[in-house]
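What follows is a short report on a single structure.
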Amino acid sequence: MSDFSWPKILDKLLNGNELTSEETNALMNAWLNQELAPVQTGAFLAAFRSKNVSGLELAAMAKVLRDACVFPFPVPDLYLVDTCGTGGDGADTFNISTAVAFLSASLGVKIAKHGNRSASGKVGSADVLEGVGIRLDTPIENVVTALDKTGISFLFAPIWHSSLVNLAPLRKTLGVRTVFNLLGPLVNPFRPSAQVLGVATSELLDPIAQALKYLGLKRAVVVHGAGGLDEASLEGSNQVRFLKDGEISSSEIDITDLGLTPASNNQLKGGDLSKNEAIFMSVLKGNATKPQMEVVALNTALVLWASGLEEDLSQGVEMALNSLKSGNGLKKLLELKEFLGPKN
């Protein structure tokens, strides 16, 4: 099994010790090359869950998966930003980060959104985008062209990461969240320069921020929202890690300092696919409820900071709200459909 010792790796994990980058790399390559039996894969997934994965381990795993993805074209030479969450917050909100992607693109941010269907029976970014007319299995060259022409594109994860598709049956059998739930947001094939990434627990703030640093991102915002949201929330103070020029700083964002109105996370709830589609479209049209509009503006301000287009979060919120009310998010969706719509 290449040059690594499975018993040694498993022993370190079960004892709660951190793997080196080399050990993590060897483990992931053995898995990718189908050198691990299903029981061994299940064992390392369970071990990582019990010991809490480190930023170094996450980055090493992400690099292997990113290098293995299907990508027959050069990575676009643009300052790209991705926006997503790890999921798992149990809040059942509407697709906030997906709406944020289109609003951010309307403000000039180059967005490469990497996403998937929901694994939990809820509504993922891919589900809602397919519902409003984005073709998920569009040819890869169209995805690249769309980014160049419109400033936004959507990368449906299974098209680019066939190895993760093969993992799906085991993850379903295990029935619990694993390290792969954290890796999805870290393996965007376009290798963005910046990212806004929401996490469902505060314990993930530091390892995710460290992983993004090790992956070489220029800027990133990792946020754990008030009330346990994996987005910045209107419910109270949001815990944040800012990554800039290789340095990670901790902060809290009080939404009242940004001129926003406090609101319960219950006011952000989605529902089934049709309800989530309706909320998503009403946000992009600029006629959603105030909490729905303001939570999208808040998270868009974080994207504007990550992109370097606006350092002041309060200014970013104002820019986002003005663009929302003008229906610019919808215009950006319609532009993308020209390249990723059903006719393509």
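Using the three backbone atoms N, Cα and C, a Cβ is placed for every residue, glycine included.
Some features that Swiss-Prot has for this protein:
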type	residues	note
BINDING	Gly85, 88-89, Thr93, 95-98, 113-121, Ser125	5-phospho-alpha-D-ribose 1-diphosphate binding site
BINDING	Gly85, Asn116	anthranilate 1 binding site
BINDING	Ser97, Glu231	Mg(2+) 1 binding site
BINDING	Arg171	anthranilate 2 binding site
BINDING	Asp230, Glu231	Mg(2+) 2 binding site
Cβ-Cβ neighbours of Asp230 (Mg(2+) 2 binding site) (radius 10 Å):
26
Fewest other C-beta atoms within 10 angstroms, as judged across Thr93, Ser97, Asn116, which are the binding-site residues:
Asn116
Cα within 10 Å of Asp230 (Mg(2+) 2 binding site) - qualifying binding-site residues among Gly85, His114, Asn116:
Gly85
Set of same-chain residues at least 6 away whose C-beta sits under 8 angstroms from Arg117 (5-phospho-alpha-D-ribose 1-diphosphate binding site):
Gly124, Ala126, Asp127
Sequence gap of 6 or more, C-beta under 8 Å: which same-chain residues meet both conditions with respect to Glu231 (Mg(2+) 1 binding site)?
Gly85, Thr93, Ile96, Ser97, Gly198, Val223, Gly225, Val295, Asn299
Count the other Cβ atoms sitting within 10 Å of the Cβ of His114 (5-phospho-alpha-D-ribose 1-diphosphate binding site), across every protein chain shown.
25
